[in-house]
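Annotation comment: TrEMBL describes 12-40, 52-73, 80-98, 104-125, 137-155, 161-183, 303-319, 339-358, 370-390, 396-417, 429-452, 464-484 as transmembrane segment.
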Amino acid sequence: MVFRKPPDGGWGWVIVLVSFFAQFLCYGSPLAVGVLYLEWLDAFGEGKGKTAWVGSLANGIGLLASPVCSICVSSFGARPVAIFSGFMVAGGLMMSSFAPNIYFLYVSYGIVVGLGCGLLYTATVTITCQYFDKHRGLALGLISTGSSVGLFIYAPLQRELIELYGLDGCLLIVGALSLNILACGSLMRPLESSGSPPPEKTCADKVPDQYFVYHEKGKTVEENISILEKGYTDEKCVNNMPDCKQDNILNKNVLSSITVNEKDTYRKKVVEQTNFCKQLAKRKWQLYLTYWKETVVLFKNKVFSALFVAILLFDIGGFPPSLLMEDVARSANVNEDDYYMPLISIIGIMTTVGKLILGILADFKWVNTLYLYVTTLLMTGVALFAIPFAKSYLTLAVLSGILGFLTGNWSIFPYVTTKTVGIEKLTHAYGILMFFAGLGNSLGPPIVGWFYDWTQEYDTAFYFSGFCVLLGGFLLLLAALPCWNACASQGSKLPPNTYSYKVASS
């Protein structure tokens with residue numbers, strides 16, 4: 001498939017709009033799962049670490065399956081994948097309303113909803129990057145705010161629905177709302193080169209497959225002649241219909257003069273099918289080898305290797321507050337009368353602001369997006385260290401706002417990945433990085449919950465979280481230092497308008 005040059009506008013803004021609403025409907029409930037988390041604790045009576053698996057799986061399993069999601073988007077396109085993900089998210093939410101125990105929620109809410117979110121996220125990011133180049137940072141920032149706005153609205157919405165209709169009714173209504181993803185996905189028109197003629201086939205491509213598939217050693221002369229005659233006849237029939245009948249009559253006369261026994265005919269068919277399977281297996285094996293070779297090349301890049309470590313540690317430490325902040329406030333004996341707004345809603349609205357501001361900053365040529373991303377990691381680690389000292393609603397609200405703003409670095413993460421590996425390898429590299437991000441999302445909340453179950457307080461857990469994020473930020477900063485490029489290039493200067501960590505795509 002040949003793509004046009006990114007239009008940086010036009011239908012691209014429609015793509016941004018529908019991607020925004022798709023992420024709003026898809027991620028609203030999973031990101032605001034902290035409200036449901038408290039209800040599940042009371043309903044099933046399980047430990048906090050065990051119950052936290054539901055929300056962590058919903059936010060992590062889709063990222064863990066990012067390589068598979070990337071293959072699906074590459075194979076079927078963004079529009080079919082987005083529509084299918086709408087069915088998965090809505091079905092998983094509705095199934096969760098009938099959950100008899102926590103283990104059922106692991107599958108219905110954690111795996112089914114999580115996979116749907118992963119498919120939709122990959123589809124929206126990929127098609128947005130195809131439609132935008134100059135304003136890619138702004139476009140990615142806008143669509144990524146959909147999930148943050150969803151978090152801001154769904155947190156009080158789910159709480160209100162639980163009071164009116166109970167936990168089961170809340171999940172049914174939220175699942176019904178998610179069906180609107182189908183309408184959003186139907187508007188994701190692929191960016192294809194309409195009207196451009198397909199590339200001419202080479203002489204080797206014009207030769208029918210029969211001449212290649214059955215060119216094997218060990219064939220008898222009679223078998224090769226019959227196969228070539230069959231391929232010649234089939235091509236002749238396609239290209240010249242009037243001559244086809246005459247050739248068929250001649251071939252029948254020739255073949256009728258040859259006495260072929262039934263066993264030989266059956267043996268020829270078996271050999272033909274066997275050789276076809278061999279050639280197909282060889283082609284598939286070459287594709288797999290190419291995939292793994294490209295993966296090895298990516299990890300030879302120091303920045304990319306540090307990037308996957310940083311995203312893993314960031315999600316282990318930085319994701320739990322969005323899930324557990326409400327329980328942190330309850331554990332700190334914060335008076336419910338002091339609640340002006342749910343802490344999760346504060347995280348959501350500030351994440352929206354952070355995504356927009358960071359996305360706009362990424363479009364400035366004088367801003368190095370990698371260093372901007374590293375700065376957000378280091379500041380997140382410091383904010384996590386401060387959570388154990390917050391004992392009032394006001395201080396928790398301020399820290400929630402800071403963490404929410406810094407979590408907006410998700411909007412520039414695809415931008416950093418694109419600048420690191422190139423647009424040609426974005427889908428491949430992004431799938432790998434999202435796998436490690438999903439691993440961090442899946443492990444972070446249960447680890448914090450287990451720390452609480454062991455120590456009966458959250459202080460140690462958030463010290464551990466802050467250390468993980470700071471470690472990832474320092475490793476990425478070390479890998480991105482310009483001195484590495486200076487040593488590698490042996491004094492050669494980089495071309496203008498090129499970041500020091502950019503890798504030329506092969």
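Cβ from N, Cα, C; glycine included.
Touching of the transmembrane segment (104-125) and the transmembrane segment (52-73) is concluded from the presence of at least three CB pairs under 8 A, sequence neighbours closer than 6 excluded. If one looks beyond the transmembrane segment (464-484) by at least 6 residues along the same chain, the residues whose Cβ comes under 8 Å of a Cβ in the stretch are 302-303, 305-307, 309-314, 316-318, 320, 370-371, 373-374, 377-378, 380-385, 444, 447-448, 451, 500-501. Counted over residue pairs 6 or more apart, the CB atoms of the transmembrane segment (396-417) and the transmembrane segment (161-183) come under 8 Å in fewer than three pairs, which marks the two as apart.
A contact links the transmembrane segment (161-183) to the transmembrane segment (12-40), because at least 3 Cβ pairs that are 6 or more residues apart lie under 8 A. Two recorded stretches are said to be in contact when at least 3 C-beta pairs lie under 8 angstroms, sequence spacing 6 or more; the transmembrane segment (137-155) and the transmembrane segment (429-452) fall short of this definition. Contact between the transmembrane segment (370-390) and the transmembrane segment (303-319) is supported by 3 or more Cβ pairs under 8 Å, counting only residues 6 or more apart in sequence.
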